[in-house]
Amino acid sequence: FQLNVIANNNNHTMLTQTTIHCHGFFQGTNSADGHAFVNCCPIASGHSFLYDFSHPDQHGTFCYHSHLSTQYCCGLRGHFVVYDPSDPHCGLYDVDHDSTVITLSDWYHVAAKLGHSFCLGADSTLINGSGRSTGDCAASLTVISVTQGKRYRFHLVSLSCDPNHTFSIDGHDMSVIEVDSIASQHVTVDSIQIFAGQRYSFVLTANQSINNYWIRANPSFGNIGFHDGINSAILRY
């Protein structure tokens, strides 16, 4: 696996150096692990670094993020899915592709370098990059579309900086088949408590009436609840 990172950030309200840590890979290469000042130097602005490591025996859901101070909390984070051609659970679902990834993240209106808002909680919970803050009911929400009768493997990824989230989808159970990139015995639940850096795969059967259903990700503190669509997205048949 190779990831070339170029540091071009010139916004001095945030840290301009960076590192990248690929979370969950047992890659065994200190130089590519991305822990700033522990086993690597930060990438200086205007420079680049090639992360190069192997993970031939790992499959599942992973994430990456900055590992320099609080830069992660300002948005430098994302996900990976490594598909297993011999997935033991492949008979349990019909659909698994880039539209079946669900990311949860906390979003702060003040850059971490400028304020101390973290103790108060995030302004917004973002689901696949979209969400509302209190008093802003006009902001768009993520819509995830499904077809009635199909079974979907969703990859749920917590990119949270601080709070954990309780995740659920109105009217639907979830059959968990993977935890932190490890295939597991499937367990049916109606909600998942997911902490920073954790990943789950679950199978959702689209067996309800054609309608819209709330997807909910309630944070452990801060702007909790679902008034005006905060901490929410939409599952649409």
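Going from the start of the chain as shown, residues are counted 1 onward.
Keep in mind that glycine also has a Cβ here, set from the backbone N, Cα and C atoms.
Values in this document were obtained by computation on a predicted structure and should not be read as measured data.
The annotation Cu cation 1 binding site is assigned in Swiss-Prot to HIS21 on the grounds of similarity to another entry. Residues or ranges marked as Cu cation 2 binding site in Swiss-Prot (evidence: similarity to another entry): HIS23, HIS65. According to Swiss-Prot, the Cu cation 3 binding site annotation covers HIS67, on the basis of similarity to another entry. Annotation source Swiss-Prot lists disulfide bond at CYS73-CYS161. For 4-86, the entry in Swiss-Prot reads domain 'Plastocyanin-like 1', with the evidence type sequence analysis. The domain 'Plastocyanin-like 2' feature in Swiss-Prot is assigned to 99-237. For ASN11, ASN128, ASN164, ASN207, the entry in Swiss-Prot reads N-linked glycosylation site.
DSSP assigns ASN164 (N-linked glycosylation site) to coil in the three-state reduction, outside any helix or strand. Summarising the environment of CYS73 (disulfide bond), the number of other Cβ atoms within 10 Å of its Cβ, over all protein chains shown, is 24. Within 10 Å of HIS21 (Cu cation 1 binding site), counting C-alpha to C-alpha distances, fall the following of the recorded positions HIS65, CYS73, ASN207: HIS65.
When Cβ atoms from all protein chains are considered, those within 10 Å of ASN128 (N-linked glycosylation site) total 18, not counting its own. Nearest neighbour of ASN128 (N-linked glycosylation site) by Cα distance, taken over the binding-site residues HIS23, HIS65, HIS67: HIS65.
Here the CA atom of ASN207 (N-linked glycosylation site) lies 29 Å from the CA atom of ASN164 (N-linked glycosylation site). In the three-state DSSP reading, ASN207 (N-linked glycosylation site) counts as coil.
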